[in-house]
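Structure record follows, encoded as structure tokens.
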Amino acid sequence: MKKLELKRCPHSDISEEGQEEYGGNGGGFGGNGGSFGGSETNGTAVSSSSSPQAQARRHAFKKLKDTKHSETSDGGWEQCYQYVVGNYTLDDPQPDPSWPVVPCRNGWVYNTSVIFSSIVIDYELVCERAIYPTIALSVLNIGGIFGVYFFGTISDKYGRRVSFLVCLGLEQVFGFLTAFTPNFWTWTLCRFMVGLTVPAIYQIPFIISLELVGPSYRSFVTVMTCLFYVGGMLLLAGVAYFIRNWVYLCLVTSLPFFSLVVYWWVLPESPRWLLSQGRLKEARTILNKMAKVNKTELPESFVQKLQDRMLAQQALSISSAQAKGSSGFFSMCHTPNMRLKAILVTIVWFANETVYVGLSYYGPVMGDNEYLSFFLACAVEVPSYLLCWIVMDRWGRRWILGIGMIIGGIFSICTVLMPEDASLATLILYLVAKFSESAAFLIIYPFAAELYPTEVRGVGIGFSAYVGGLGLVIIPFVNYL
């Protein structure tokens, strides 16, 4: 979210004893709203003192402002500091270099024309604390680094279904608690706990979907998953536009999804994972149900083939484990071919996710209306995904992945090189970059899922996403600068 234009303080008191001051303005990442300190009149904070001495001080300060000496070097009013004046005369209101300067103590006046409620204003994250929201966003992404590997391990050991339901419950509980946090650090802790589930909350159901269908339907499942994802982002843009209070926004985006507890009874386990664990009876039950929904029957010969393949796979896994003596993450390093695949997928994932998420964070600042800019940044992904649906089975995964990253990188660089007044051209270049990177971002998931074997698919994708998440820790600070 971009920083909003700030209102300056209309007046201030200059204290005879250095104890009565008026604060400057404040702003910060994520929008601002409301007024802090003193009384309020039409949203503007004013002094509560009405004595003749206070009126004289305000008159002196008005003259001081008329001289323009209290402006900053760029012509704007100082937002974070103020003078503390002990002795002064009305005849000489010019600033004296010997006057002490202190941080604003009585709060700030915020521009509430767009956003009137945010963590910035509730927790006063301005001036020396202006970087705190950026730190919180980085902490959210740090949680994701641990979460993808943690839930990936659970997914491979205890099943996709269990891992997803635990992930979903954790996200909803701490997303709900975020609305009731009394201070910034408690809020950040809740965001870290939510971050543990991101992007695992997206990856696990994606793996389940891929393992529920045959190879010919993988492209369709991939595109549908991404379309529903971007549909949620478009819906979020509309919800955030109409609900400007961040507390209510937390509640609206968390409470309805507690209804997903019904997934405990309706979400099936991955048959491929069940077969890899030797649980043929459970896998057969799910396959029979799938066949019934599709109005067909599961041939007995097919079940026998599954059993033979399962026994052969188990024998191979046991012999491999006895020979190598390792499991989990280290099982990806047993052969040179598997090691090379893991390294290449991880490097590509890191570059792809860093650029894609960086462009997503940068989207709201591309226009005058941050809600519209965010909506457009999400909407441009829809044609990108549909195009991938048409060509990914014809061209393969590698070509689309490579071309998307190259074009996205070139247009991202062009966006940075554009002059500040070329806002329309910059927006067009940005949307082309986002279009291309979205295609590459879509491809990386099925590409990795098809390269990692079933036994290590969860931990493999988790590891690649773990390394990819390292770039997300840095991206918020790059945008802040």
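Note: Cβ is positioned from N, Cα and C throughout, glycine not excepted.
Whatever TrEMBL says is automated annotation, not expert-curated.
Source: prediction; values computed, not measured.
Annotated compositional bias 'Basic and acidic residues' per TrEMBL: 1-14 (among others), in sequence order.
Look at TrEMBL and you will find 21-37 tagged as compositional bias 'Gly residues'.
According to TrEMBL, the feature compositional bias 'Low complexity' maps to 38-51.
According to TrEMBL, the compositional bias 'Basic and acidic residues' annotation covers 63-72 (among others).
Sequence annotations record features per position, and here TrEMBL assigns domain 'Major facilitator superfamily (MFS) profile' to 84-481.
What TrEMBL records for 1-74 is region 'Disordered'.
Among the features that TrEMBL reports, transmembrane segment is placed at 130-150 (among others).
If you look up TrEMBL, you'll see 162-180 (among others) marked as transmembrane segment.
According to TrEMBL, the transmembrane segment annotation covers 192-213 (among others).
Same-chain neighbours of the transmembrane segment (220-240): 202, 205-206, 209-210, 213, 249, 252-253, 371, 374-375, 378-379, 381-382, 385-386, 388-389, 392, 442, 445-446, counting only residues six or more beyond its ends whose CB sits under 8 Å from a CB of the stretch. Here TrEMBL flags 220-240 (among others) as transmembrane segment.
Feature annotation from TrEMBL assigns transmembrane segment to 246-267 (among others). For the transmembrane segment (246-267), the list of distant contacts is 117-119, 122, 161, 164-165, 168-169, 172, 175-176, 178-179, 208, 236, 239-240: same-chain residues at least six beyond its ends, Cβ to Cβ under 8 Å.
Feature annotation from TrEMBL assigns transmembrane segment to 340-359 (among others).
What TrEMBL records for 371-392 (among others) is transmembrane segment.
Among the features that TrEMBL reports, transmembrane segment is placed at 399-418 (among others).
Taken from TrEMBL, the feature transmembrane segment applies to 424-447 (among others).
Here TrEMBL flags 459-478 (among others) as transmembrane segment.
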Long-range environment of the transmembrane segment (424-447) - Cβ separation under 8 angstroms, sequence gap at least 6: 203, 206, 210, 218-219, 222-223, 225-226, 345, 348-349, 352-353, 355-356, 359-360, 362-363, 366-367, 373, 376-377, 380-381, 383-385, 387-388, 392, 397-398, 400-401, 403-405, 407-409, 411-412, 414-415, 418, 461
Stretch-level contact, the transmembrane segment (340-359) and the transmembrane segment (162-180), CB cutoff 8 A, at least 3 pairs: no
Contacting positions for the transmembrane segment (459-478) when only residues 6+ beyond its ends and CB under 8 Å are counted: 134-135, 137-138, 141-142, 144-146, 148-153, 155-156, 199-200, 203, 207, 328-329, 332, 342, 345-346, 349-354, 357-358, 361, 445, 448-449, 452
Segment confidence, the domain 'Major facilitator superfamily (MFS) profile' (84-481), expressed as mean pLDDT: 84
